[in-house]
Every structure is written in C-alpha cells, then in structure tokens.
2 protein chains.
Amino acid sequence: MRLACSRTACLASIPWMPSRASIVFRAHISPSHAAGLFQTQSLQLGASCSFSEHRTYAAVDATSGKITEPGRGPASAGPPPVVESIDYNPPRGTRDFPPDEMRLRSWLFQQFREVSRLFAFEEVDFPVLESEALFVRKAGEEITQQLYNFEDKGGRRVSLRPELTPSLARLVLQKGKALPLPVKWFAIGQCWRYERMTRGRRREHYQWNMDILGIPGVEAEVELLSAIVTFFKKVGISSNDVGIKISSRKVLQSLLERFEVPPGSFAAVCVVVDKVEKITRKEVEEELLKLGVLKDAADGILNALSVRSLTELEGLLGTESEAVRDLKQLFSLANGYGFADWLVFDASVVRGLAYYTGTVFEGFDKEGKLRAICGGGRYDRLLSTFGGEDTPACGFGFGDAVIVELLKDRGLLPSLQQEIDFIVFPLEEVLRPQAGLVTTKLREAGCVVELILESKKMKWAFKHAERLQAKQLVLLGSSEWERGCVRVKNLSSREEEDISIDELITKANTSKE
Amino acid sequence: MRLACSRTACLASIPWMPSRASIVFRAHISPSHAAGLFQTQSLQLGASCSFSEHRTYAAVDATSGKITEPGRGPASAGPPPVVESIDYNPPRGTRDFPPDEMRLRSWLFQQFREVSRLFAFEEVDFPVLESEALFVRKAGEEITQQLYNFEDKGGRRVSLRPELTPSLARLVLQKGKALPLPVKWFAIGQCWRYERMTRGRRREHYQWNMDILGIPGVEAEVELLSAIVTFFKKVGISSNDVGIKISSRKVLQSLLERFEVPPGSFAAVCVVVDKVEKITRKEVEEELLKLGVLKDAADGILNALSVRSLTELEGLLGTESEAVRDLKQLFSLANGYGFADWLVFDASVVRGLAYYTGTVFEGFDKEGKLRAICGGGRYDRLLSTFGGEDTPACGFGFGDAVIVELLKDRGLLPSLQQEIDFIVFPLEEVLRPQAGLVTTKLREAGCVVELILESKKMKWAFKHAERLQAKQLVLLGSSEWERGCVRVKNLSSREEEDISIDELITKANTSKE
C-alpha cells in the first residue's frame with residue numbers, strides 16, 4: 001500500500017484549515033525527486049507558516065501610497081479610505097526561519113553535509129531562478145504543471161526551480177570534458193512550486209540531493225542508498241522505523257515492450273502509472289489508452305505493480321531480464337555493505353519524474369503514517385534531452401519536511417540552544433569601554449560573549465543570563481576594576497570570584513583549546 | 001573621494017564586455033544595505049558567470065517543443081525549423097557554484113557565521129520571495145527601482161528580495177511582544193535585482209546581515225562595527241588594508257532643519273545626496289530643488305559633505321548637536337573596545353537606503369580600488385512604516401563579492417581542497433561487497449572515504465588518489481582478504497602494509513578522536 005492519502009481527498013476532507021493550524025496535512029506529492037516535497041505544515045520547521053493572507057496590521061492609502069497605522073488614520077469626516085493590508089506573515093506557502101526554526105534547519109543541513117562529506121561528495125549550488133526551458137518536459141508530470149514560472153522584464157521565461165537535478169545536468173554539460181568522471185556532487189537548495197487552486201500547501205521546501213554521474217552500474221545506486229541509511233542512523237532512526245522500497249523502471253519497460261507500446265511513450269506511461277493510488281484505476285487506464293496502451297496491456301502493467309519479491313519478478317520477466325539482474329546485484333551489494341535490512345523490493349515504486357530510466361527508490365516510514373521521506377533513481381538519458389551526450393547518472397532528493405515530522409514523532413529532534421560562554425555586564429556606564437575591551441578579548445579567545453548594550457539592573461542581567469542559559473556572568477564594577485579585576489559568576493554552580501583580566505583571558509583561552 | 005566610478009561612466013567606457021571576461025567592473029551601487037552589492041564579476045566566486053545568453057548546444061523545435069541535438073535535426077528538405085537555443089550557462093547575471101566556487105562560498109559563509117556566533121547573534125532566514133509591498137518605498141532609491149518583481153499566478157505582486165532588512169523587520173513585527181528585546185539576529189541570504197538596460201551586471205549576490213533591535217544608543221553600532229572588524233581580522237585583513245567611514249544622517253537632518261526643508265523630504269533628500277558622485281552636482285541640485293531644497297540650502301548641504309573631522313563638524317553644527325554627541329560617543333567606545341584605528345569620520349557617507357535615520361557607515365579598501373565592502377546604519381523608524389511600533393534598530397549588510405576581490409588581491413584567499421582520508425579500491429570485482437563493508441566501517445569511524453565504484457586499473461586508482469590528494473589507499477585483493485587483511489598505502493610517505501580490518505578500523509577510530 002502507498003503510504004499517503006491523495007491530495008484531492010485531503011482537500012475534500014479539510015475544506016478549511018485554521019490559521020496557524022498544527023494539523024499535519026499529508027498530501028502525497030509524487031513527481032518530486034524527493035517524495036517529501038513541499039509539505040504543508042511541518043510540525044517544527046513550519047511553525048511560523050500561516051494560511052491567512054491578509055491580517056490587517058498596517059494600512060496603505062490606496063491613492064497616496066502612504067502607510068498609516070491602524071487607528072491612526074486621518075481624522076476626516078468622509079468614508080474611510082480604501083486600504084490594502086500589509087501582512088506580517090511571509091507570502092502564502094512560504095516560511096520564515098526565526099532562531100528556533102533556523103537552529104533546527106541548520107542542524108538538519110549539517111547532518112546532510114556531514115554524510116555527504118563522509119562519502120567524499122563535493123557540494124555545488126545553482127541559481128534558484130532558472131530558464132523555464134530547463135524544467136519543461138512533455139510527459140505530464142505534476143512538477144512541470146506546477147512550475148513557479150513567469151516572464152522576466154526582458155520577456156524571458158524563467159522559473160523558480162522545482163528541483164535541483166536539471167540544474168546539475170546543465171552544469172555538468174557546461175563543464176563538458178573538463179570535468180573528470182565520475183562526478184559525485186551534493187547540493188542543498190530551496191525548491192519552489194505554484195498551484196493555483198489549493199490552499200495552505202507549501203510552495204517551497206529545501207531538498208538535499210546527492211548525485212553520481214559516470215557510473216553505469218548499480219554500484220552507484222548502492223552508494224547513494226548507503227548514504228541515505230548513514231543519514232538515518234546518524235539522526236537515530238533505525239530500520240525498524242524506516243525502509244527503502246526499490247524497483248526499476250526496466251520492469252515497466254519490459255512490460256511495455258511485451259505489449260508493444262511505442263517506446264516514445266515510456267516516460268509518459270511511467271508518470272501515469274505513478275498516479276495509481278491518487279486517481280482511480282479507471283482513470284489511469286483511460287490515460288494509458290491515450291498513450292497507446294490498450295486495456296489488456298494496462299491490466300498487465302498495473303497487475304505487475306503488485307509484485308513484492310524478486311523471485312516473483314523473475315517468474316514474470318524471465319531470468320534474462322535486465323531489471324531482475326540489476327535488482328539482484330543491488331540487493332547483493334547492499335548485503336555486503338551491511339544495510340540490506342533497510343531495503344525491500346516493491347514493484348509499485350515508479351516515481352513521478354519523467355527522466356528516470358532504471359532503478360527507482362523511495363524511503364518510507366514503517367508505521368505508514370507519512371508520505372515518502374526521500375526518493376530517487378537512475379536517469380541515464382537526462383543529459384541528452386538537453387542536447388548533451390548521454391551520461392550514466394543517478395541521484396536522490398531528500399526534503400526537509402517529512403524527516404522533521406518523523407524525528408518529532410519518534411522524539412528524536414535534538415534540543416538545540418544557543419551556547420553562550422559569557423555575559424559581560426558593566427555595572428556602571430563609565431565602565432562601558434572597559435566592558436567592550438574585556439568582551440573583545442574573550443571573543444578573540446574563541447568565546448561566545450553576549451555584551452549587555454544598555455544600562456540595566458543587576459536583577460535583569462541575571463534573568464537574562466538564565467534565559468540564555470549562559471555559563472558565566474562577568475560583572476565590571478569600579479572597585480574591582482581599580483584592582484585590575486572583574487567579578488566572574490559561574491551560573492550553574494552559583495560560585496563567584498574576583499579575578500584579574502589576564503587570568504580571565506588565560507582561562508578562556510585554555511577552555512577553548 | 002568616493003572609491004568607485006559611476007555606473008553610467010563605466011558603461012560608457014566599456015560598451016561591450018567580452019564573454020567570461022576577467023575584467024573587474026566597478027560600479028558603485030549605492031542604495032544597498034551592503035555596498036558590495038551585485039558585483040559584476042568577482043574574480044573568484046563569479047568565475048563561471050558569462051555574459052553571453054545564447055550558446056547553441058541544444059535546440060528546441062519551436063512548434064513541437066521537442067529538443068533536438070545540434071547536427072541531428074530532421075532530415076527534411078525544407079528550410080531548417082526555427083530553433084531556440086538552450087543555454088548551458090545559468091540565467092544572465094546569476095552564478096552556478098561548482099565545487100571550487102562552492103568551497104570558497106562555504107568558507108566565506110563559515111567566517112560570517114563564526115563571527116556572528118562569537119557575538120551571540122542568532123541566525124534567522126526569510127523567504128527569498130516576498131510581497132512586493134515590503135520593498136516599495138517612495139524615496140527614489142535605486143534598490144526600489146531595480147526590484148526583481150513580478151505578478152504571481154494568483155495576481156499578487158511579489159518580488160525576489162533585494163535586501164534582507166525589510167523581511168527582518170516584518171518578522172520582528174510578526175513576533176510582536178513575544179520577542180524579548182534586544183534582538184540580535186544575523187542572516188546570510190541571496191538578494192536579487194533586475195535592470196533592463198545594462199549588460200553583464202550581476203542580478204544576485206549573497207549578503208551577510210547583522211542587526212540589533214531594541215538598543216537606542218550607539219552601543220549597538222559599536223557592537224556591529226566590532227563584528228565587522230573581527231571578521232576582517234579573522235580573514236587576515238588589517239586596518240592598513242581596510243577602514244570604515246562613519247557619519248550620521250543626523251548631520252543632514254540638522255542642515256535640513258536649518259534650511260527649513262520640510263521634514264517629510266528627509267529620506268528622499270538623503271537618497272539624492274547619496275548620488276553626489278554618480279551624477280553631476282547640477283543634477284543633484286535640480287533633484288533637490290524638486291524636493292523643496294533651494295539653491296542656497298543645497299550648497300550648504302553639499303558643502304557640509306566635505307567635512308572630515310568631528311571638530312569641524314562641531315563648528316558647523318554646534319556643541320549641542322545630537323549628531324556630534326552620538327559620533328563622539330561612538331568613537332570613544334570604539335577606542336575602549338580597541339578598534340578605533342579602523343574608523344574614520346567622513347561626512348560624505350550618506351548611504352542610499354531611505355530608511356536610515358542615524359549613524360551610517362561603510363567599509364572601504366584603503367587603496368581605493370574597490371567599491372564599498374559593506375555598509376549599514378541605524379534605522380529607528382523602519383518598523384513604523386510597516387504599521388508597527390517604532391523600535392530602535394541598526395544593522396549592516398556585507399556582500400560576498402567585493403570581499404572576495406579584496407582577499408584575492410591581497411593573496412588572502414584560502415587554499416581549499418576536499419579532504420579525503422581513504423580511497424577504497426577492490427582489485428577484483430568479486431571483492432566489491434567486502435570493499436563496501438570496509439568503506440562503511442571507515443565512514444562510521446568518521447573517515448572521509450572515496451569508494452571506487454567501477455572496475456579500474458591500479459594505475460588509474462593511483463592517479464585518481466593523487467588528483468584528490470587522498471591520504472591513504474586501501475586495496476582489497478583476494479590473497480590479503482583470505483588472511484583477513486587489506487593493503488594500506490600511505491600516499492604521502494609511499495609506505496604500504498598489510499593490516500587486518502579490525503586494526504584498520506581501530507586506527508581510523510583513533511585518528512578521528
């Protein structure tokens with residue numbers, strides 16, 4: 001069974017979502033490279049996202065353009081001017097990252113980066129805005145239908161990127177022969193989509209991609225799967241929580257050949273078949289018919305999706321089948337690496353991107369509560385669609401939303417707090433320059449120092465230190481300073497002592513070595 | 001003297017810039033929060049940016065939309081179909097970040113983050129796409145004239161952000177009373193602009209911002225300046241290389257009051273005065289006249305910009321002047337902190353953003369070759385323009401382009417290389433699963449491991465290891481493996497030994513502790 005309800009069904013059952021709802025809205029968005037694409041409201045990362053577009057905080061006079069504060073409009077006796085509200089929320093479907101959310105995002109990205117580094121992948125990035133042509137494909141993918149595209153002021157069709165892979169392919173082609181293969185690159189970037197009709201779904205998410213170009217064999221897929229497993233383990237997730245379903249588009253390809261479907265329809269057929277749990281079987285069959293797949297062939301194809309073992313698949317496709325051979329080798333290698341317990345063969349995995357040609361896979365939670373966590377596959381012919389030479393390639397996308405839901409659900413979200421070594425507080429304003437000097441020296445020693453920048457009471461400073469969970473408080477008072485000393489209070493032990501500036505700096509240096 | 005030639009002058013003198021030129025095109029782009037905004041071609045970070053928009057690599061049939069490879073078009077006898085080229089370069093004015101450039105960017109951002117952390121600032125982020133209303137101001141700023149704005153499919157006016165400060169203000173207002181002051185936030189984000197007419201200038205750059213909200217006194221400015229100085233020192237730049245010019249908009253404000261200019265024109269006057277080295281004095285005077293500033297007043301204002309000492313300023317504005325008092329206190333505090341040698345008072349600094357109300361500053365290279373490196377100031381009334389309560393605030397923006405030029409010029413760019421601990425290479429294909437296992441164990445020990453994913457000759461593996469500057473090569477051969485061993489070759493000493501897997505892992509663990 002696919003692990004997500006359909007988008008349309010969700011929308012029907014939740015016609016109105018409350019503003020700042022904490023409801024998790026599970027829409028299965030299939031065609032993404034990462035299955036965890038554009039989650040509506042993640043439990044943590046999306047906490048500041050709101051569905052209401054217009055809250056009236058400020059008002060702009062429509063004629064003059066002048067902004068007036070609510071309740072402070074001109075005291076004229078006429079009707080109130082027509083006003084347009086300015087919203088303090090980010091644009092619909094986008095997120096702010098205040099400190100809490102940002103710490104979590106940075107932590108997550110750090111895990112992505114650390115795993116990629118251990119695997120000797122190099123980080124790359126591309127513009128978030130690309131030529132629309134890079135993303136327009138004819139296979140009927142949702143990702144292409146939901147492009148956040150527009151015409152720039154120079155009349156060029158551009159789009160906020162919906163995924164990273166086409167940009168990667170473009171950069172590889174740009175580098176040409178100067179780029180030694182294999183290429184092992186990773187990227188973490190924001191991706192966008194636009195839908196007209198629905199409400200409340202995210203229009204952006206971040207996605208971690210790892211891609212290998214130049215390796216034709218499943219060794220590349222196994223390396224990528226190993227990276228995904230390494231990530232899961234790193235954040236405390238086990239193979240009891242999560243699995244990765246594996247199949248190959250070559251399964252479908254064999255069936256299409258058997259039923260004499262024109263090979264040019266391959267990508268479009270895959271995109272339709274991927275919708276099998278989102279639209280009715282009848283609708284799928286109708287769409288397949290339009291692509292030249294007759295009723296019998298459609299039945300054969302759709303029935304084959306229920307195959308759940310390689311033995312069964314071998315029975316269906318024969319021992320000479322390339323799909324079977326690839327998949328067997330993949331499982332055998334994964335066994336050697338030591339992570340085969342994370343993998344399951346599942347012929348129903350097709351993925352919704354047109355360009356996959358071989359292995360396809362997606363990460364899923366074993367409780368079946370969440371959408372796909374990540375997804376990927378082999379795309380050996382993408383580069384030639386851009387006019388380049390075909391180059392063996394595979395990769396995956398891993399979104400920032402579903403994984404955070406899962407970690408939260410399992411109690412695995414880290415407790416992240418700003419770490420402050422010292423709070424420096426001049427008890428008298430006259431000692432402010434000295435406080436600045438002590439602060440500078442502590443920072444030069446590598447310490448994180450919060451300097452109190454205004455005249456405050458001692459009580460405030462202690463409260464402030466407590467709120468920030470700072471380790472030590474440095475107080476500058478005239479009598480201590482005249483002796484070349486400051487008072488240092490350890491905020492956990494509550495012990496305090498007067499020590500010289502030099503001693504303080506020496507201690508700070510030692511603690512940071 | 002201002003340290004940049006005018007944009008129009010540059011354009012006139014370089015009518016055609018070569019594709020992939022290494023010419024540094026110095027346009028002074030004043031209205032940015034960061035003066036180093038949108039550099040045309042940085043020497044390093046922008047190496048992959050090209051000015052040519054259409055290189056013909058692939059072709060799309062305009063009618064069918066089908067992509068064809070060059071030289072492989074349909075063999076029809078008719079005229080060649082109208083084709084539109086697909087470019088392997090990123091869209092005009094944007095950059096890819098292949099591994100080299102990405103390493104440099106990551107290093108630079110890491111310096112930004114590390115300094116911000118030492119100063120106990122918290123990282124935040126906002127959507128790169130915001131409501132246009134957030135950026136539209138009536139003061140005639142270039143930044144507003146060059147918005148990368150458009151209408152989304154829902155008919156809403158949106159814009160790729162040209163700067164980060166309005167989003168920060170929006171988020172502060174959204175949090176309202178729940179947010180304890182002072183707020184000390186930093187952000188590193190991509191900013192965009194669009195110009196119709198010019199060629200080859202960057203349309204995006206990254207900007208580091210630090211902002212303090214809730215502190216009315218210059219203590220906040222001094223903290224920010226200290227952070228900038230800390231950054232410069234961290235990357236090896238001294239006060240011989242770089243200085244920071246300081247002034248206050250209150251200087252202009254006093255003069256406007258003296259000349260009885262309507263206070264409502266303040267922001268617009270500042271924006272005009274900031275153009276003084278980009279357009280002729282006569283043009284400035286004409287623009288000022290439109291704002292209600294008469295010839296005598298304009299003369300008085302423009303002459304005051306040549307003031308270069310606080311004593312002279314005090315002579316001009318009187319001892320009771322708030323501007324003088326603020327600036328004196330700022331320099332005195334900076335002296336206490338120990339970085340006064342980096343600062344110079346310079347009344348000509350106005351900055352081009354409408355919302356500054358007090359202190360303004362910009363970093364400059366003392367050789368006078370580059371545009372401003374960073375810039376900032378106090379903006380105590382920005383929040384009320386969004387309908388919120390006025391909140392004391394100041395901040396700076398620091399672009400990613402000029403600093404890289406400067407570092408390169410001074411030979412201070414770090415040499416950044418991927419660090420690889422081991423290359424694992426199975427000498428026989430049959431040992432591939434074992435190679436995977438060894439690789440996994442080494443990575444679990446925290447080692448960076450490049451696994452060779454295809455059948456290659458020994459010679460290739462050595463060359464590959466050399467190119468990657470890997471530390472050790474692990475060879476798996478049948479005879480060693482049967483004894484539970486692998487051969488490990490140290491690639492710098494050229495020594496090699498056969499050791500057991502356990503020993504290898506133990507050593508790896510020890511080396512990473």
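Just so you know, glycine gets a Cβ as well, placed from its N, Cα and C.
The annotation L-histidine binding site is assigned in TrEMBL to A:Glu163, A:Leu164, A:Thr165, A:Arg193, A:Gln207, A:Asp211, A:Arg351, A:Tyr355, A:Tyr356. All chains included, 25 other C-beta atoms sit within 10 angstroms of the C-beta of A:Arg351 (L-histidine binding site). DSSP assigns A:Arg351 (L-histidine binding site) to coil, not to a helix or a strand.
Positions annotated as domain 'Aminoacyl-transfer RNA synthetases class-II family profile' by TrEMBL: A:92-433.
The annotation region 'Disordered' is assigned in TrEMBL to A:62-95.
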Drop a 10 Å sphere on every Cβ of the binding-site residues A:Thr165, A:Gln207 and tell me which sphere holds the fewest other Cβ atoms.
A:Thr165
Should A:Thr165 (L-histidine binding site) be counted as helix, strand, or coil on the basis of DSSP?
helix
Enumerate same-chain residues with a sequence separation of six or more from A:Tyr356 (L-histidine binding site) and a Cβ-Cβ distance below 8 A; give 'none' if the list is empty.
A:Arg249, A:Cys270, A:Gly377, A:Arg378, A:Tyr379
